[in-house]
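Residues annotated as active site, proton acceptor in TrEMBL: Tyr187. Positions annotated as NADP(+) binding site by TrEMBL: Gly44, Ala45, Ser46, Arg47, Asn122, Tyr187, Ala188, Ser189, Ala190, Lys191, Ile220. Among the features that TrEMBL reports, domain 'Ketoreductase' is placed at 38-218. Summarising the annotation, TrEMBL assigns signal peptide to 1-15.
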Amino acid sequence: MSRFLLALMLSATTALRVVTRRTLTPRRAAMTMKEGATTVVVTGASRGIGAAIAKDLGAQGCNVVVNYAASEGPALEVVEAIKASGGDAIAIKANMAELDDIKAMFKQVASEFGGCDVLVNNAGITKDGLAMRMKPTQWQDVIDVNLSGVFYCSQQAFNQMAKKRKGRIINMSSVVGLFGNPGQANYASAKGGVCGLTMSNAKEFAARGVTVNAVCPGFIGTEMANELGEDMLEKVKSAIPLGRLGAAEEVAGLVRYLALDESAGYITGHSLTIDGGIAIGAGF
Ligand code: NAP
C-alpha cells in the first residue's frame, strides 16, 4: 500500500488479539444461493480488491452493484465480466464521502433489486503524511471516505436488511487499523474506527439477523504494490512469514465466505486478518 506500510511490516511482531464476542442465534437460516439471487453492494469496485470481490460474488450468481466514484470505464468492464460469468450487475456512481450520493445509491438498489442483502464496504483512499505535517484536508478526506462512508452505507443498508430480517455487512479495514503505522495517522484512525464500528453495529444489528464483520488485509499485490519496484518488493516479502504478497482474489475468497457461506451466519463482530502472517511477525 505504501512505503509506510512496509515500515509497519518490518517492525510488526505482536500477535493479533482476537476478542471473541457472544453472537445471537439468527432468527432465520443463513442465506443460500438456492433462495434466489443475493443482491450485493460493493463500494469502490472499479479496480483492485473491490473489483475482485465484485467479480467473485458475481460468479456465484449474485446481483452485484459495482460502485465507483470516478472510474466509470473500469466499473463498466467489471459489470460486463460479471454478466459474462453468470451474475447480473449494474454500475452506480456515488462518492462515499457524500451522504446524498449514498442515499441515492441505496434508493436505486431498492428500486432495481428490492433491497440490499450483502454490503461490502470496500472503498478506501490514502493521503499519507507525517502527523505533525498532516493538513486538515488530508485528515478529513480519509476519514470521510474510509470511516464515515462505511457508517452511512451501513445505516442505509441496515434499513433495507432489517425489513428482510437478514443480511451481511463486511467492512474492509487493514492491519494498519490494528497496529498503526507511521505516516498514516488518518488511515490508521479510520481503519481502527472501522473495527470498532464493526463491533458496535454487530451488537445493534444482530436482533434483526444481520451480521457485521471486518476484513483486515496486509500487503496485497495491487498496482500500487508494483509501483514499489522489485527491490522494495523483495524486502516486503521477507517481512511476511508466507514470503509473498497477497492477491486481491484471496481477499475476495474470504469476503465470499463471510458474505454467502451458511456457517458464516454465526460469525459477527470480528476483524479477520488476511496478511500472510504479518500479524504474528516474521520470526527469526
Ligand atoms: P484501489 O486499487 O486504490 O481501489 C480503490 C477503489 O475505491 C476504486 O475502485 C475507487 O474507484 C474507489 N474509491 C475511491 N474513493 C472513492 C469514493 N470516494 N467513493 C467511492 N469509491 C471510491 O484500492 P485497493 O488496494 O483495491 O483497496 C481496497 C480497500 O482495501 C481499501 O479500503 C483499502 O484501504 C483496503 N486495503 C488495501 C490494502 C492493499 O494492500 N491494497 C491493504 C489493506 C487494506 P474510483 O477510481 O472510481 O474512485
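Glycine is treated like the rest: Cβ placed from N, Cα and C.
Everything TrEMBL records as a feature, shown here on the structure.
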residue: Gly44; record: NADP(+) binding site; DSSP (3 states): coil
residue: Asn122; record: NADP(+) binding site; DSSP (3 states): coil
residue: Tyr187; record: active site, proton acceptor; DSSP (3 states): helix
residue: Ile220; record: NADP(+) binding site; DSSP (3 states): strand
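Largest Cα-Cα distance over the residues recorded as binding NADP(+), namely Gly44, Ala45, Ser46, Arg47, Asn122, Tyr187, Ala188, Ser189, Ala190, Lys191, Ile220, equals 25 Å.
Between the binding-site residues Ala188, Ala190, Ile220, Ala190 has the most other Cβ atoms inside 10 Å of its own Cβ, all protein chains included. Looking at the domain 'Ketoreductase' (38-218) alone, the prediction's average pLDDT is 97.
With a CB cut-off of under 6 A applied against ligand 1, the recorded positions Ser46, Asn122, Tyr187, Ile220 are reduced to Ser46, Asn122, Ile220. Separating the Cα atoms of Asn122 (NADP(+) binding site) and the residue listed as 'active site, proton acceptor' is a whole-number distance of 14 Å.
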